[in-house]
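Heads up: the structure comes next, in structure tokens.
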Amino acid sequence: MNNFSIISEYKPAGDQPKAIDEIIAGLNSKKRSQMLLGITGSGKTFTMANIIARMNRPTLIMAHNKTLAAQIYSEMKLMFPKNAIEYFVSYYDYYQPEAYIARTDTFIEKDSSINEQIDLMRHSATRSLLERRDVIVVSSVSCIYGLGSPNLYYQMTVNLESGKSYPRDKLLSDLVNLQYERNDIGFERGCFRVKGDNIDIFPSHYSDKAWRLSFVGNELEYIHEFDPLTGTKLAKLDKAMVFGNSHFVIPQETVNKAISEIEVELQKRLELLKSQNKILETQRLNQRTQYDLEMLTTTGSCKGIENYSRFLTGRNAGEPPPTLFEYLPKDALLFVDESHVSVPQIRAMYNGDRARKKVLVEHGFRLPSALDNRPLKFEEWEKFRPQTIFVSATPGPFELEETGGLVVELIIRPTGLLDPECIIKPATNQVEDLISEIQTTIAKGLRVLVTTLTKKMAEDLTTYLQELKYKSSYLHSNVHTLERLEILRDLRQGTINILVGINLLREGLDIPECGLVAILDADKEGFLRSEVSLIQTIGRAARNSEGRVILYADKITKSIDKAVSETMRRRQIQQEYNEKHGIIPQTINRTIYALTALKKIDSKLDKKQAHILFDNPAKLKAHIYKLKKAMLKAASNLEFEQATKLRDQLKNLEEAALELS
């Protein structure tokens with residue numbers, strides 16, 4: 001069994017050693033829930049990595065969005081280069097679920113675009129969980145959505161071993177049942193080809209490796225791993241395990257049984273609709289379902305097959321669907337990062353999904369069993385989750401209730417940096433005072449972050465600052481992905497000194513050069529000025545030893561009082577620790593994770609073309625397809641050097657697309 005081996009130039013410092021020991025003690029004493037309260041810059045990810053390495057148990061880390069998940073995945077890959085670090089998020093670049101708007105009698109067909117790179121990584125994640133124990137899967141909250149049954153997925157694997165006998169026709173039939181496609185011309189992921197006594201398989205979990213099976217009669221003589229682009233042999237294998245090309249691979253006998261059960265439900269539903277005199281709904285449901293049944297009978301699949309998942313996975317009505325949690329070993333660990341956001345997301349997903357599907361069922365577009373194709377209910381997630389560590393700088397009520405209000409704190413930063421000084425000033429003439437504070441901060445060579453309440457305020461303030469000849473820019477949801485990253489890069493490099501935004505809590509805004517965070521209209525209670533939001537925003541100034549925060553308010557709200565009091569409490573603890581140990585706070589110049597994506601974008605793309613591609617998923621997909629086609633053409637012409645260059649460009653573009661998704 002492989003053990004986790006953490007590789008880092010740093011050792012746990014500050015509060016980290018104590019926090020690691022406390023969490024591990026809790027895990028060993030069978031505590032089901034623990035709370036790790038880690039402030040900005042305290043090294044939460046490094047602490048998680050050390051806990052995982054010492055416990056040596058398979059781990060799932062849940063994040064509340066793809067960007068944060070990609071950041072954690074990247075950091076874990078660096079710290080655990082010898083272990084299986086996997087990424088599991090929704091594989092849709094674009095997803096429009098089917099829906100019916102009764103008021104206008106409008107039916108919206110399901111439409112989606114699948115990201116092949118993410119699909120590959122999802123397959124790699126489930127394969128690792130089934131094959132080994134030194135696995136860390138970093139996932140978004142989408143891991144609570146239905147996935148194929150792990151029992152069927154594992155049951156249908158094809159195990160290959162050198163020296164054993166495999167009847168050729170049966171092996172090819174097994175590959176087709178795993179939803180691999182025979183393609184003797186275009187050899188891509190999820191395909192196989194036959195050449196003489198050789199069968200080449202391009203596994204679903206690889207992008208740059210394939211397997212060549214060399215037979216003598218029915219005996220498998222060799223298994224070689226090779227580069228599918230150049231044909232170069234990479235390794236000789238004794239064994240290989242071929243997993244399905246889809247997580248929804250199903251044995252034919254299961255499909256046949258499901259068809260019978262669907263027919264029974266259909267007849268019951270049609271009788272009910274007829275009794276309610278719903279003629280249109282009756283005809284619609286019968287026509288749509290009969291078509292799906294015909295497709296299932298002839299091909300083993302149909303469009304929207306997931307709506308019949310209850311029958312295909314052998315579940316009873318109302319039972320939870322199989323999800324990634326069923327792929328986890330019983331002794332797995334779960335970290336819920338930024339739990340104050342992630343937990344409410346988990347709670348909300350089921351209700352939103354059910355409301356949409358209920359309308360489809362009522363109007364004859366789907367059978368009632370389609371309601372069981374859903375994410376986990378919060379109560380089900382509670383039941384399935386293994387020993388859990390919630391991680392946040394601002395724990396939510398659920399986490400505090402689960403842990404009895406007991407938290408393990410990460411307050412002392414390894415760098416010695418203090419929480420910023422908080423100053424409260426009147427909101428009257430706040431812009432005039434802000435200009436004065438900006439001048440003082442910029443004179444020190446530092447940057448300024450300003451948070452407003454609306455997009456218009458952010459844009460108007462930026463325009464005003466630019467009229468005063470300040471190098472400033474604004475950031476909000478209407479700013480496209482690449483432009484956003486370029487603004488952050490310009491801020492880091494000093495091309496601009498001031499960034500104005502609405503919600504400065506998003507990943508990527510930990511700016512070490514930030515000397516001032518100004519919160520305008522801090523006394524306007526609401527989502528953007530709640531205690532949690534204020535603490536998180538104040539944390540933006542905690543990366544610099546000279547960081548300050550000014551809250552412009554005409555009255556002290558409960559949120560301001562609690563946020564400032566908590567910040568001052570932490571600051572005092574940090575000061576006392578530094579004085580006791582003779583530590584001088586030091587600003588750490590850390591690379592912003594999201595900016596590394598800019599370096600991976602094809603250098604041949606000019607700025608305008610890059611913006612067009614990354615702001616339009618369809619055009620980006622078309623460009624990636626064009627590069628793939630050129631790469632394969634170069635390989636078929638034996639121009640392997642050119643093919644390799646194109647493959648590197650393609651890889652950089654796909655990685656950048658993944659990080660910017």
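The chain as shown is numbered from 1 upward.
In case you wondered, yes, glycine gets a Cβ from its N, Cα and C as well.
Taken from Swiss-Prot as is:
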type: BINDING; residues: Gly38, Ile39, Thr40, Gly41, Ser42, Gly43, Lys44, Thr45; note: ATP binding site
type: DOMAIN; residues: 25-182; note: domain 'Helicase ATP-binding'
type: DOMAIN; residues: 430-592; note: domain 'Helicase C-terminal'
type: DOMAIN; residues: 621-656; note: domain 'UVR'
type: MOTIF; residues: 91-114; note: motif 'Beta-hairpin'
Hey, for the ATP site built from Gly38, Ile39, Thr40, Gly41, Ser42, Gly43, Lys44, Thr45, who else sits with CB inside 8 A of the CB center? Thr47, Ala393, Leu410, Arg413
I need the most crowded of these binding-site residues: Gly38, Gly43. Count other C-beta atoms within 10 angstroms of each C-beta and give me the top one. Gly38
Among the binding-site residues Thr40, Ser42, Thr45, which residue has the largest number of other Cβ atoms within 10 Å of its own Cβ? Ser42
Name the secondary structure element type, per DSSP in three states, that contains Thr40 (ATP binding site). coil
Protein Cβ atoms within 10 Å of Ile39 (ATP binding site), excluding its own: 26
DSSP puts the residues of the motif 'Beta-hairpin' (91-114) at 0 helix, 15 strand, 9 coil
Other CB atoms within 10 A, centred on Gly41 (ATP binding site): 22
